[in-house]
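Engineer: Dumping the structure here so I can ask a few things about it.
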Amino acid sequence: SHQKMMLWMRKTFEEAAGAMGLFWGGGVLLGGKLRQGTACLSPLPGVSAGNGCGHTLLTPHSGTLSSKNYPGTYPNHTMCCWRLQAPVGTSLLLAFGDVDLEPSEHCAHSSLLLTDTQTGTAYGPYCRNSIPSAPLLVTNSSTVTVLFNTTSHRSGRGILLSYATSQHPGMGAASSGTQRHPWDVPHLPLTMCFSVYCPAGCKDIHGDIWGNPSQGYRDTSVLCKAAVHAGVIADELGGQVTLSREKGITLYESAFANGLRSKRGSLSEKRLVFHKVCCLLSPACDDVLEIVAFNASSWWHEVDMLGQDRAWVAERAALSTTGHSWAAEPGTKAAWLELDLGTRKNVTGIITKGSSEQHNYYVTSYHVSSSRDRKNWRPYRGSSGQEDKVFEGNADSQGEVSNAFIPPIVARYIR
């Protein structure tokens, strides 16, 4: 087991009196070089292994990883190994969002070790009394192994790292920890645009966001997490985001969008506004599309206690409709609502809402399909392209929930 192997390595180190090195997975660290083996025993590229792994999303171009329970105290006697693999011809850049491991001599009790398996160069081990010298580590390799290892300890948040490739050098911070944010640059004029690369996996990292896409976000929000909420990047891919720093507002309203709930926040001096195309002062591609016709698998013909009829027909599905909405016939399985846009359109997102305050009905999740001819339907799979994407819907009948299509849908019919 991993535990037995780690005990063997620890025993070897303790008995090697006078040895100028540490044993990691069968390898020896001497003079910053790794010899006789690698830093991890297990994983394939883009895979993590071990019982100490926390939130992890690894892609060839970027990713985010953390220890188990982060930012809570990491567990005793645990390890995790991640192998990062970038495309051939590129090199990896790693951002240390947080490294908070209980101090010990030579970081022998809890440690973070990074190894460049192509050149044999090792970085670390790191812990609280031996922290990285800079928040960004620039390697010359497309393959880096990350090893997190612990024994008994009392405190420590653990680790949070993100990475990108040399194709995307302007990487944004995963957290508000040690990294300096681009908008903190002194004398940066208001409304001036700048660009940041956000790694994949920012949606589920620790940290808050205040605001919404239409208002902008409080400048204390986690930038890349706010970018996912705003719908300018997909969490599973990450990507380049363009934003401006503008004058703050008195109150930031909460909103649920793209699987994230932002907080309601008070006055701030500055706010962050994301731009979808060319850094225009108002986001592009946000016009509401006209729906020529509605169709549905069925509709509910309601007769209330007073004998009055109410038709929950497809046409009542328009967001601007007052009163009750569309609803399928009760008991219907695989119900669907179909929108005809008249001609082929570029569809970048969707907003859903429940029926009304009077009728507390709403849809909690849904799939999306599209068609150009209403005969052949293609399920939307998002940027991953592996499985049909399930969109998070509403949690009540009053609030609006938005979801972005990244990449956009090009079609006439949406179902």
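Keep in mind that glycine also has a Cβ here, set from the backbone N, Cα and C atoms.
Note: TrEMBL annotation is automatic and uncurated.
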Engineer: Looking only at CYS53, CYS107, which is named in TrEMBL as the disulfide mate of CYS80?
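Structural biologist: So the cysteine that TrEMBL bonds to CYS80 would be CYS53.
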Engineer: Can you give me the same-chain residues 6 or more apart in sequence from CYS53 (disulfide bond) with a CB-CB distance under 8 Å?
Structural biologist: LEU65, SER67, LYS68, CYS80, TRP82
Engineer: If you draw a 10 Å sphere on the Cβ of CYS80 (disulfide bond), how many other Cβ atoms land inside?
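Structural biologist: The answer is 28 other Cβ atoms.
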